[in-house]
Structure formats: structure tokens, C-alpha cells
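Here the structure comes first, spelled out in C-alpha cells, and everything after it is commentary.
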Amino acid sequence: MAETSSAAARPDSPSTVPVSTDTQALLRPELTSPFTEIDRAEWARLADETPLPLTEAELAAFRGLGEPLDMAEVSEVYRPLSRLINQYAIGVREMHRRTRGFLHRDGEPQSPFVIGIAGSVAVGKSTVARILRDLLARWPETPSVELITTDGFLYPNAELERRGIAHRKGFPESYDRRSLLRFVTQVKAGVAEVCAPHYSHLVYDIVPDEVTVVRRPDILIVEGLNVLQPASMEHPLAVSDLFDFSVYVDARTADIRAWYRNRFLKLRESAFANPSSHFRRFAALDDEAAVAVADEFWNNINEPNLVENIRPTRARATAVLRKEADHRVQKVLLRKI
Ligand SMILES: Nc1ncnc2c1ncn2[C@@H]1O[C@H](COP(=O)(O)OP(=O)(O)O)[C@@H](O)[C@H]1O
Ligand SMILES: CC(C)(COP(=O)(O)O)[C@@H](O)C(=O)NCCC(=O)O
């Protein structure tokens with residue numbers, strides 16, 4: 001006859017057994033974390049012997065507004081990262097080749113290696129994405145690297161208004177996730193030309209007649225706030241399911257808030273001063289008034305999105321780059337293999 005006694009009736013049931021020393025050892029954070037932590041000095045030593053033939057002008061082209069990116073940062077942080085991703089790309093390509101051989105489909109097109117880059121508004125994702133695009137294209141196995149940003153898949157402002165979510169630009173529901181998924185699926189399937197819509201920060205909307213065309217790259221980088229969101233009942237396949245490698249750009253909330261504020265002050269003198277800018281009304285604000293507007297955007301949109309949607313996806317990344325207040329990466333967290 002089956003035993004029916006409850007757990008409470010059994011003094012040796014799993015919930016009442018004292019934690020043994022062995023089990024306690026298993027609960028140590030370094031054993032339970034999915035990441036291996038590598039500090040900057042150790043990470044920098046992993047840089048390959050390969051030269052870094054970057055010019056000052058190229059470096060300037062990577063730099064986002066307000067980011068003090070220098071040669072040391074590229075060399076010590078991004079060079080080892082590009083080498084590691086290169087190793088992943090070679091490994092995945094070999095695995096695909098073997099799979100095609102197994103299926104007797106050797107003639108089928110090579111699928112690109114897809115990288116996701118996630119993180120908050122103003123954390124510096126675009127800079128990381130531009131550096132990686134350049135450095136990865138220097139490896140002989142992957143000369144063609146394309147970069148797209150997910151803002152092109154935001155619903156146009158009129159559609160956001162129709163849905164009543166105009167104040168939630170950047171939140172997961174403000175994107176046409178099916179179109180983004182279709183786009184990456186087509187690139188992965190080797191379709192000759194795939195078009196991504198274009199978003200303009202200047203006009204703060206999708207530009208109807210402009211597209212980014214992606215033509216069978218070796219590597220596709222997909223950069224955006226929410227690219228690491230997991231699948232859900234409503235969206236059973238997420239774009240993150242198609243990534244071969246992903247990077248989460250991380251920093252303290254207080255630091256990112258300060259970066260956002262400083263960038264807003266700088267944009268006031270540059271982009272906002274353009275008569276076509278959606279934000280031109282902010283160009284004439286004095287510092288105090290501009291900071292108040294930036295803080296309002298930050299407090300009502302960008303910080304809630306970071307806390308509720310973006311940061312919870314950090315643990316899903318292959319690598320986390322942890323930036324300090326001076327924008328420098330001081331720690332790299334790498335997913336344990
Ligand atoms: N209102 C704006 N006008 C012009 N450019 C902007 C504006 N807001 C952001 N940008 C630029 O858009 C790019 C993406 O910004 P963002 O989404 O905050 O990502 P990140 O700072 O992580 O790269 C950055 O290069 C930034 O300088
Ligand atoms: C366009 C963005 C949603 C970022 O899109 P992404 O390419 O990361 O998907 C963001 O940069 C933005 O403009 N957010 C609106 C709130 C604000 O301007 O601060």
C-alpha cells in the first residue's frame with residue numbers, strides 16, 4: 001500500500017533536514033552565480049598579441065556623446081572581448097557545418113553569427129556596438145559585420161498613440177516584436193537582402209522611406225534596450241532565442257541617470273538646436289530648466305523601464321560589462337561554460 005504520511009509527520013523530510021556542510025558549500029555565491037567574475041587587469045591580460053591598428057579618427061567615430069572612450073579602453077576591454085566572440089563565431093560556424101553535413105545539406109547558405117547588445121538608455125550601448133562591429137570585422141573569419149538598432153522596430157508615434165502608449169517609448173510593448181523577430185530570422189536564414197525600418201532621434205519617429213539593408217553578413221549585431229527579453233505566452237519565440245552571443249552593458253542606476261542628464265545638456269547645444277528636432281523647444285532652456293526636463297524623462301520613462309524590464313534580463317547575457325562612474329569597464333562577468 002502506498003505511504004500517505006505528510007512531510008510534517010516525517011522528521012527527516014527534506015524541509016526539516018539540517019543543512020550539511022557539503023550543501024552549505026554548494027550555496028556559496030561563486031558556485032551559484034551563472035557568471036565567472038573577471039576584473040579589468042586580468043581581462044586586459046587576455047588581449048591577443050594582434051596589433052590594434054586604430055587611428056584617433058576611428059576612435060572618435062565610435063564615441064557616443066559624452067563618452068570619454070580612449071585607446072586604453074578599446075585595447076584592454078574590447079580587444080579581448082572581440083577575440084572571445086571571434087572564438088565563439090568560429091565554434092558556431094563549425095557546429096553549423098557539421099550539422100549541414102549530418103543532414104546532407106552541405107550546399108545550404110552559411111548562417112550569420114548573431115550578437116545581442118542590451119542595456120539602459122544612455123548606458124553607452126551604441127558605442128560598444130560600434131567598437132565591436134569594427135573590431136570583429138578585422139578577424140579573417142568574419143569580415144562582414146552589420147549592425148542594426150531595435151529603435152527601427154518601434155511602432156510609429158501615430159500607432160503608439162492609437163495604442164495609448166505614447167509615453168512608454170522604449171518599453172517592450174512599444175516595439176513591433178514580430179517584425180523584429182521576422183527580420184532576424186530572415187537574416188539568419190541567409191535571405192540575400194533584408195530591410196530594417198529606420199528611426200530618427202531627430203524627428204523622434206520612424207522615417208517612412210528610409211531603411212537599413214542587411215546583405216548576408218558574417219555577423220549581425222542587434223543593439224537595443226530590450227533585446228534580452230525572454231519569450232512569453234504571447235510571444236513564444238523571442239529575438240534573444242536567436243542570439244549566439246549577448247552582451248549586457250551595466251552600470252549603477254545613479255551613474256546612468258547622471259550620464260543621461262549630461263547628455264541631455266549636450267544635446268541641447270547640438271541635436272536640439274536643429275530646427276527639425278522634435279526637442280527644439282528645449283534648445284533655449286537654461287541649465288536648471290534643462291536638468292528638470294531630463295529628470296522628468298528619466299524618472300517617468302527610462303528608470304522605470306530599466307528597473308522593470310531591462311535590468312531583469314542582465315542574467316541572461318553571455319557577458320556583462322560593468323562600467324564605473326567614469327564610463328570605464330572595471331569588471332567583466334562571463335557566463336560559466
Ligand atoms: N534626443 C536625441 N537626439 C539625438 N540623438 C539622441 C537623442 N537621444 C539619444 N540620442 C542618441 O541615440 C543613440 C542611442 O541612445 P540610447 O538609446 O540612449 O543608447 P546608448 O546611450 O546606450 O547608446 C546615442 O548615440 C545617443 O547619443
Ligand atoms: C529610441 C529609444 C527607445 C532606444 O531604442 P533602442 O534602439 O534601444 O531599441 C530611446 O533612445 C528613446 O528615445 N527613449 C525615449 C525616452 C527618452 O527620450 O529619454
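The first residue you see is number 1, and the count goes up from there.
Placement of Cβ uses the backbone N, Cα and C atoms for every residue, glycine included.
Keep in mind the model is a prediction, meaning the values are calculated, not measured.
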Study note, to complete from the structure: TrEMBL feature region 'Disordered', matched against 1-24, 265-288, maps to 1-24
Exercise for review: Determine which residues of the same chain, besides Gly119, Ser120, Val121, Ala122, Val123, Gly124, Lys125, Ser126, have their CB within 8 A of the center of the CB atoms at the recorded ATP site, and list them by sequence.
Suggested key: Leu225, Val249, Ile256
Exercise for review: Return the members of Gly119, Ser120, Val121, Val123, Gly124, Ser126 (the binding-site residues) with CB less than 6 angstroms from at least one atom of ligand 2, or none.
Suggested key: Val121
Practice item. Give, as a single whole number between 0 and 100, the mean pLDDT over the domain 'Phosphoribulokinase/uridine kinase' (114-252). Key: 96
Review point. Which one, from the binding-site residues Ser120, Ser126, has the smallest tally of other C-beta atoms lying within 10 Å of its C-beta?
Key: Ser126
